[in-house]
Amino acid sequence: MPAATVDHSQRICEVWACNLDEEMKKIRQVIRKYNYVAMDTEFPGVVARPIGEFRSNADYQYQLLRCNVDLLKIIQLGLTFMNEQGEYPPGTSTWQFNFKFNLTEDMYAQDSIELLTTSGIQFKKHEEEGIETQYFAELLMTSGVVLCEGVKWLSFHSGYDFGYLIKILTNSNLPEEELDFFEILRLFFPVIYDVKYLMKSCKNLKGGLQEVAEQLELERIGPQHQAGSDSLLTGMAFFKMREMFFEDHIDDAKYCGHLYGLGSGSSYVQNGTGNAYEEEANKQS
């Protein structure tokens, strides 16, 4: 089977507070053989912009991310597990974690909530049956999925995604300085490939995740704008791109650990665009 070929028997497992322990036990087994983890999150948009003076546009972009991640709560996390060949485990390949979120009490951008509601996210169920992030963090820390150099993380334009995960795992606000953020990032996620960053070296590939998937002739499983389906599509895109553009080998020195839109590798930093993360927050569209 070619890498990342769609197999419709693959299932996305919905995880709520009631089945979290059971599903994390399965993940602790799966990660032993399927050490590529494609990840996506859903979060409630962008609600704030930093004020004051900034050393550079790069500094502004990170402060924009930081102030929004600090203020807001994650809604969903999708994790898809694959092996070196891009193959899935038998049965469930993707776990979609649904976190506690209250539309009455928690902050959000209205347009983001409308998009997620249209996409099938059940906010009433998130309020009543959602996972507590602190307990999830305890389970994730001992799962073998984070803090492990043998695990390779796959993502798409993922500054916000990793920002929310670091906030959960440290149970604290993000560090004030971007360099400190990347130090923590490397601790929890030693190997990261951001598909959007890889696209810089892929002739004619452009756009958001859905557009890229269509260019690569990949077929989505599950609903768009939900973290499980998006993580699965991200993993499929990585392996298809690795085969088509990188001769099945990614140069770690050039690509590992770079997040598109953050740090010195950011095209936004270089061209001075001020709304990098507004775009990222709407990257699902």
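The backbone N, Cα and C atoms fix where each Cβ goes, and this holds for glycine too.
Per Swiss-Prot, the candidate among Asp230, Asp248, Asp251, Asp252 that belongs to the divalent metal cation 2 site alongside Asp40, Glu42 is Asp230.
It is 6 Å from the Cα atom of Asp40 (divalent metal cation 1 binding site) to that of Asp230 (divalent metal cation 2 binding site). In the structure shown, across all protein chains, Asp40 is the one of the binding-site residues Asp40, Asp161 with the greatest number of other Cβ atoms within 10 Å.
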